[in-house]
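Trainee: Take this structure, written in structure tokens, and hold onto it; I'll ask about it next.
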Amino acid sequence: MLMRLYTFFAAALLACCAAAGPLHPELPQLVGKSWIPDWWFPFPRPSTRAATTTTTPATSTTGLATTTTKPTTTSSKPVTPTPQPATSTAQPAISSTANATATATASSASTSTTSSSTSASTSTSAAAPSTPTTVVPFGQVIRSCTVKGTVAITFDDGPYDYTNKLLDIFDANGAKATLFVNAQNFGSITDYSSVMLRAFNTGHQIASHTYDHADLSTLNGAGIISEMTKLDDVLATITNGYRPTYMRVPYFAYSPLVLQTMADLKYHVIEADIDTKDYEHDTPDGVSVSVGFFRDGLNAGGSIALAHDVHQTTVDLLIQQLLDEVKRRGLKAVTVGECLGDPRANWYRTTPVQVPTGTSTTSPTATPTSPGTPPPAPTQPGVASNCQKWHTVVSGDTCYDIAAANGISLDNLYKWNPAVGTSCASLWLGYAVCVGV
């Protein structure tokens, strides 16, 4: 009897210790030992309570609602959660009702952050056009850059034998050029297809200078359109379907009809506010004069420079000095499109221009200030109809000599005699050129 009473008190003591928490790591094992008979315990065996306590965490690990809810509290901070809810909700493991509830809780916790960003991204993608929208106007004469710190050095009348070397120089200097090209001028553009494709592929800008350097101010609407579309079609075969949206009017000879047609065809019309006059100083000794014009133009705030890649002296001696001057001033030599803040996607179109209906087929009517004097010899097309003074070309004449002898600028000589060309390549012996209006 005493032994049983002793055993009863010992078992009761062990049960109390187990309920209060183990005082020694061996006590739970002792309570659970099978050698203590069940009938010695007047109340449920202490090991049953211990087993229940142990299995509770096991149950909670299988119920993902508990574990998911706890991270939700941490992840509901507005700073962190963005990428992770999308990943976790996408996992196929989250399929139970409890998990759906937890996910909904997490989603609602971050609604203020995600909903605003989602709506913002939705509205942006919906409004974004397939190509950037240009801010550069069509059919208006543009003479200067709009992006601070940029200069655009442009070249007319090519391509020609020196254009490839010009690209070498620009590439070596980390600069970009804009080429206003003709299909037929000093040479045929198809003979320089590889040069044109190289310029296009390396980020230089190719722009239109009409098909054959025509004086657009002497043409009717159909003639102007033809000069633009014929060059477009040739360029498209070279540049894999791309056609320029930028152009320069030969001789800067504008008329209201020219500008209206450029607006209708959606061309950006580029002039220049710096003239290097390299066509007048196409000798090694004349290079310093052209550099001086360039510096003076920059000092006056100019930013779009005019030069010609058809002159060897320009390419061999002038261009590097111009690029050095740009670097010295901390400026950047870029394309016209870039200096106007226009993305490269806008420099070209992939479909032919849309010709407006009702295009005029009549030639513009000349309105001279006074009737012209009859020429003493044959004249070339486009000569000024109000010319008062003529010079008949003789052997050895140059445009520079003719202009100097008659006290006029080369610009005026070329303007009054557009067929001669700004390089004086078509000064015909025995023909009369206008030297005064």
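From the backbone N, Cα and C atoms, a Cβ is placed for every residue, glycine too.
Summarising the annotation, Swiss-Prot assigns active site, proton acceptor to Asp156 and lists similarity to another entry as the type of evidence. Residues or ranges marked as active site, proton donor in Swiss-Prot (evidence: similarity to another entry): His308. The Zn(2+) binding site annotation in Swiss-Prot covers Asp157, His209, His213, and the record cites similarity to another entry as its basis. Swiss-Prot lists Tyr251 with the feature substrate binding site. The compositional bias 'Low complexity' feature in Swiss-Prot is assigned to 350-370. Annotation source Swiss-Prot lists N-linked glycosylation site at Asn99. The feature signal peptide is assigned by Swiss-Prot to 1-20. Residues or ranges marked as site 'Raises pKa of active site His' in Swiss-Prot (evidence: similarity to another entry): Asp278.
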Trainee: Which chain-mates of Asp157 (Zn(2+) binding site) that are at least 6 residues away have a CB under 8 A from its CB, listed by sequence?
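Mentor: Result: Phe180, Asn182, Asn185, Phe186, His209, His213, His308, Asp309, Val310, Gly421, Thr422, Ser423.
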Trainee: In whole Å, note down how far the CA of the residue listed as 'substrate binding site' lies from the CA of Asp278 (site 'Raises pKa of active site His').
Mentor: 15
Trainee: Can you list the residues of the same chain, besides Asp157, His209, His213, whose Cβ falls within 8 Å of the Zn(2+) site's Cβ centroid?
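Mentor: Other same-chain residues with Cβ inside the cutoff are Asp156, Gly158, Phe180, Val181, Asn182, Asn185, Thr210, Pro250, Gly421, Thr422.
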Trainee: Would you mind ranking the recorded positions Asp156, Asp278 by how many other Cβ atoms sit within 10 Å of each Cβ and giving me the lowest?
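Mentor: Counting other Cβ atoms within 10 Å of each of the recorded positions Asp156, Asp278, the minimum falls on Asp156.
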Trainee: Identify, in sequence order, the residues in the chain of Tyr251 (substrate binding site) that are 6 or more apart from it along the sequence and have a CB within less than 8 Å of its CB; answer 'none' if there are none.
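Mentor: Long-range Cβ contacts: Asp215, Tyr414, Lys415, Pro418, Thr422.
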Trainee: Which of the three DSSP-derived classes (helix, strand, coil) applies to the residue listed as 'substrate binding site'?
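Mentor: Note: the residue listed as 'substrate binding site' is helical by DSSP.
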